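Comments concern the structure below.
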Amino acid sequence: MEEPEDNPYIRDPPLDFEPVDELDAASATRQVETLREAIRFHDYRYYQLADPVISDRAYDQLFERLERLESKFDRSSATSPTQRVGGEPLDELETVEHVAPMRSIESSVEVDDIRDFDTRIQERLAAAGYEGPVRYLCEPKFDGLSVELVYEEGELSRAATRGDGQEGDDVTANVRTIRSVPLTLDGDCPSFLAVRGEIFMPKDAFQEYNRERLERGEEPFSNPRNAAAGTLRQLDPSVTAERPLDCFVFDILDDGGRGFETRMAEHEAVESWGFQVDDHTARVDDIEAAIAFREEMLDGRASLDYEIDGIVIKLDRKDACALLGATARAPRWAYAYKFPARTEETTVRDIVLQVGRTGRLTPVALLDPVEVSGVEVSRATLHNPQQIAELGVGIGDRVTLKRAGDVIPYIEAVVDSEREAHFEFPDRCPVCESPLERDGPLAYCTGGVACPAQLRRAVEHYASRSGLDIEGLGESAVDQLVDAGLVERLPDLYDLSVADVAELDGWGRTSAENLLEELEASTEPPLPAFLSALGIPGVGTTTAADIAREFGTLDAVMDATAEELRAVDGIGPTLGGEIAEFFDSDRNQQVIEQLRKRGVDPEPAETAGDALSGQTFVFTGSLDGLTREEAHELVETSGGTATGSVSGNTDYLVVGDSPGQRKREAANEHGVETLSQSDFESLLESHGIEI
């Protein structure tokens with residue numbers, strides 16, 4: 001996408017807009033069109049090139065200005081960037097017919113089948129009198145959901161899932177929310193165009209989104225493909241808009257009569273019109289080069305931020321493809337050379353229940369140990385009773401265990417039922433016998449901290465790095481303290497004596513003294529750490545920091561109303577109510593009061609909040625003693641901005657061990673100052689920011 005000319009909102013945009021009420025309709029219309037053009041360009045730079053040219057704050061102001069103008073002067077449009085936030089919920093997804101059949105592709109993991117495919121092509125083309133070159137286009141086989149995107153006069157008019165290949169679900173409203181799918185096309189595009197793409201959720205985004213779901217007390221998705229599938233078929237587009245979907249376009253279904261000679265020419269045209277394409281796509285001279293391409297992609301698979309399960313080999317020349325045609329099921333000119341499956345079979349030996357710190361019961365399958373993708377697996381989470389029923393899994397069953405990408409292994413299906421026992425979900429907690437409470441598919445123990453399992457998990461969380469980071473108070477130590485009756489409530493930690501701890505198995509006086517010193521050091525924690533340590537459902541380290549910045553002291557947080565909490569950035573109406581409910585609980589108030597009586601006094605939120613205001617940081621490489629997330633939090637809680645890519649708006653590139661070459665080259669290109677970790681820490685200290 002070329003940079004628009006004479007558009008004032010591209011680089012260093014003026015943000016001191018004149019009041020909307022002072023604009024006439026003609027001026028407002030011109031500004032709306034200029035803003036739309038600029039925002040589309042900024043979306044392209046950010047989402048497809050990962051190289052923004054303005055700050056996030058400037059982008060937000062341009063976006064908000066466009067929203068106000070469209071609302072004030074009734075200039076809304078289905079192709080406006082503002083429409084990506086999602087429309088009204090649907091009653092159901094309609095079924096629509098595809099412009100062209102979306103056929104399956106023959107596939108195999110055997111190299112002999114790939115060579116046979118090439119032989120068939122050579123023989124059929126020779127029989128048809130074809131004398132042109134036989135070259136192949138190779139591309140990754142994405143593990144997502146195929147969609148058909150239809151554009152009329154350069155504007156997205158429809159999006160549909162693959163369905164049965166002839167018709168699929170109309171998911172236009174949801175696809176409009178995906179930033180990498182252009183609502184309007186660039187350049188000399190056909191007046192009518194239908195393309196095929198793959199919707200997916202990037203691996204890093206999947207892990208982060210699952211972490212957020214867990215913090216909110218929601219069920220995590222089992223793998224990126226399921227996350228993308230469930231998101232794309234949402235009836236409420238606003239839900240889709242909140243989830244990090246992405247899209248690659250890889251095929252033209254109808255080019256409006258353009259008649260491209262090769263698939264590589266199609267690939268280049270698609271990119272020029274503004275679609276995101278995968279940059280690994282390559283044209284090769286023969287089938288052996290295609291086989292080598294597959295091996296390269298297999299070797300580099302782990303480094304990709306999206307799931308692939310093989311490559312697709314396509315005949316490059318379109319006239320040759322036309323000669324070969326297709327069967328009812330698949331084209332004769334394409335073949336998928338898949339990777340070896342990351343699936344293994346094993347036997348379920350038992351199903352047990354784990355009780356978490358919130359009281360939630362999670363069934364876990366105990367398995368005969370099996371290696372999956374180089375990792376020995378002997379346990380797999382079954383999530384809830386509903387999943388057990390859907391899988392139909394029981395003790396003694398032979399099951400397939402799958403590890404998609406880098407996610408936690410999960411049971412995919414029952415292969416052979418040799419059931420020794422049927423698993424019945426109980427009505428009472430297996431640990432403390434308290435009644436269970438159901439919330440949809442989830443079950444919770446009502447015993448609270450009187451339940452030893454909940455107490456153990458609560459203490460572990462309190463002492464974890466996400467809490468107060470109390471060294472020496474890990475899972476085994478907590479188990480010993482609870483089993484010995486030394487800790488029956490969270491505040492009991494601060495009643496421990498050296499003599500009591502030293503008598504425990506494996507402990508001595510020195511290790512006991514070290515633990516008590518750690519506990520003493522934890523009595524003046526930063527407020528964000530204390531809030532996170534309490535284990536408030538839905539409140540992780542980031543949300544805790546947001547709350548602390550807003551209210552400043554523990555008393556102010558405890559006194560905050562649900563409405564006041566909902567007003568904090570990043571906290572919606574549901575979470576705001578849950579936080580208020582947590583602090584309204586007599587049980588939780590008593591725990592906090594008992595902690596205070598034992599000397600635990602959280603420090604008010606730091607007042608260095610604006611010390612880094614206006615400064616943008618990018619990090620590359622690993623930092624000693626500091627995760628990337630923690631580094632970002634240090635910057636953002638001090639008023640600065642932390643982004644993932646270097647641009648002209650970046651002030652500092654912080655370079656750790658094994659840094660990325662691309663970011664360093666971009667820093668040189670843009671004249672960005674580079675800092676070592678030591679330089680970065682000195683900069684923070686100079687602003688009074690504690691690390």
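Easy rule for this one: first residue shown is 1, then count along the chain.
Using N, Cα and C of the backbone, Cβ positions are placed for all residues, glycine too.
Remember, predicted model here, so these are calculated numbers, not experimental data.
Cross-referencing Cys321, Cys445 with the Zn(2+) binding residues that Swiss-Prot gives (Cys429, Cys432, Cys451) picks out Cys445. For Lys314 (NAD(+) binding site), the nearest neighbour among the listed recorded positions (Lys141, Cys429, Cys445, Cys451), judged by C-alpha distance, is Lys141. Using the Cβ center of Cys429, Cys432, Cys445, Cys451 for Zn(2+), the list of other same-chain residues with Cβ within 8 Å runs, in sequence order, Val355, Gly359, Arg428, Pro430, Val431, Glu433, Ser434, Thr446, Gly447, Ala450, Pro452, Ala453, Gln454.
It is Lys141 that, of the recorded positions Lys141, Arg162, has its Cβ surrounded by the most other Cβ atoms within 10 Å. Nearest neighbour of Ile105 (NAD(+) binding site) by Cα distance, taken over the binding-site residues Cys432, Cys445, Cys451: Cys445. Counting every protein chain shown, the number of other Cβ atoms lying within 10 Å of the Cβ of Cys451 (Zn(2+) binding site) is 21. Cys429 (Zn(2+) binding site) is 44 Å away from Arg162 (NAD(+) binding site) when you measure Cα to Cα. Within the same chain, residues at least 6 positions away in sequence whose Cβ sits under 8 Å from that of Cys432 (Zn(2+) binding site) are Cys445, Gly447, Ala450, Cys451, Pro452, Ala453.
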